[in-house]
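**Q** Input: one structure, supplied below.
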Amino acid sequence: MRRSPKGSPGAVLDLQRRVDQAVSADHAELMTIAKDANTFFGAESVQDPYPLYERMRAAGSVHRIANSDFYAVCGWDAVNEAIGRPEDFSSNLTATMTYTAEGTAKPFEMDPLGGPTHVLATADDPAHAVHRKLVLRHLAAKRIRVMEQFTVQAADRLWVDGMQDGCIEWMGAMANRLPMMVVAELIGLPDPDIAQLVKWGYAATQLLEGLVENDQLVAAGVALMELSGYIFEQFDRAAADPRDNLLGELATACASGELDTLTAQVMMVTLFAAGGESTAALLGSAVWILATRPDIQQQVRANPELLGAFIEETLRYEPPFRGHYRHVRNATTLDGTELPADSHLLLLWGAANRDPAQFEAPGEFRLDRAGGKGHISFGKGAHFCVGAALARLEARIVLRLLLDRTSVIEAADVGGWLPSILVRRIERLELAVQ
């Protein structure tokens, strides 16, 4: 058959067929992502979600997951638009997405919209503003300086205790423990059992992780009840004798009617769960990068002033939380996708942070990246993470200690990432140090 000359009707039709095939392929990819829960919840995507995020972004910014009421939002602009529309998208955590044995996604129901357990990051204004104001009083510059002294001393003790024959299991010895020690000090707990608090705090987030077996769910529920009982006991003690700490501040706020007791107690549970979890994940990811990328480790050692840029790039590259949920108040649209009332968004920080429309070469770890704090790992706007400054402080102290006490760190054994669609934390990181 004679080939049609360039520009002839035959050539135009041939070009149109190729375009239609490409569009059809893209649509098929979109439908696969949207309908197959295994794609989103599977082990491959849990351990390395970024190739999936890239395919999702290429097909669209908003994806319905497995015919459920959950929509994943993966584009930078769409995520930011959702954050900026609180009148349409509530921060209340009314349900989380879970993976079933049948390979489908279903909701794990939480408190309904406007319920009393929505605090801090999961509260809407005006309640959110009240919660934030109470906590921020204890995260002011003066208090941060006191916490800095405590953190330096605590990190030193954990380092000495964790080092054995030139090795340290970083997550168990330092990353999981230090943030919980800092949270306990901030709240004002007397003689806390840190190992127990870590167990309880992680149990609280395990309920939300989406990949939990029934027996794990039951155990996590029991642990959360134990943590709640402990918090209630400490709160009663503080109410009888308020001290100059967050616990005393909350007790005083309840006595004055500014806050109800249940809300104050849930706020403390949330600080343990989210505050400990997020900083532990940051400390784990940062040291994993240093230990597995000797080129980056050498740059930071040779140029100590790069430590701040390293921390920010770590936050962009591996956000401590994969994302956060939003509740769709009324039927609306986001980036052209129709969203029914009472459906849910999962705003994927990790996907937004690697959107090539926002970041040059987003899959590369760069210490010279412009606009270092331009990532969205700590949220944005009214819900910008209340503990961001404290988390950065802990990271700076711990990483400075690690680099000052060693000449080389290597990863002797790296465990997998926590099976979770909410948290991005390495489970085990054995370091060999010189």
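The backbone N, Cα and C atoms fix where each Cβ goes, and this holds for glycine too.
If you look up Swiss-Prot, you'll see ASP124, HIS128 marked as substrate binding site, on the strength of similarity to another entry. Swiss-Prot lists ARG132, ARG326, HIS383, CYS385 with the feature heme binding site.
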**Q** Near ASP124 (substrate binding site), which binding-site residues out of ARG132, ARG326, HIS383 have their CA within 10 Å?
**A** HIS383
**Q** What subset of the binding-site residues ARG326, HIS383, CYS385 lies within 10 angstroms of HIS128 (substrate binding site), using C-alpha positions?
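**A** Passing the 10 Å Cα cut: HIS383.
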**Q** Please report the three-state DSSP label of CYS385 (heme binding site).
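**A** The residue in question, CYS385 (heme binding site), is coil (DSSP, three-state).
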**Q** Hey, of the binding-site residues listed (HIS128, ARG132, ARG326, HIS383), which one tops the CB count within 10 A?
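**A** Most Cβ neighbours within 10 Å: ARG326.
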**Q** Specify the secondary structure state of HIS128 (substrate binding site) as given by DSSP, simplified to three classes.
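**A** In the DSSP reduction, HIS128 (substrate binding site) maps to helix.
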**Q** Compile a sequence-ordered list of residues in the same chain as CYS385 (heme binding site), six or more apart from it, whose Cβ lies below 8 A from its Cβ; state 'none' when nothing qualifies.
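**A** Long-range Cβ contacts: ALA121, SER278, PHE378, GLY379, ALA391.
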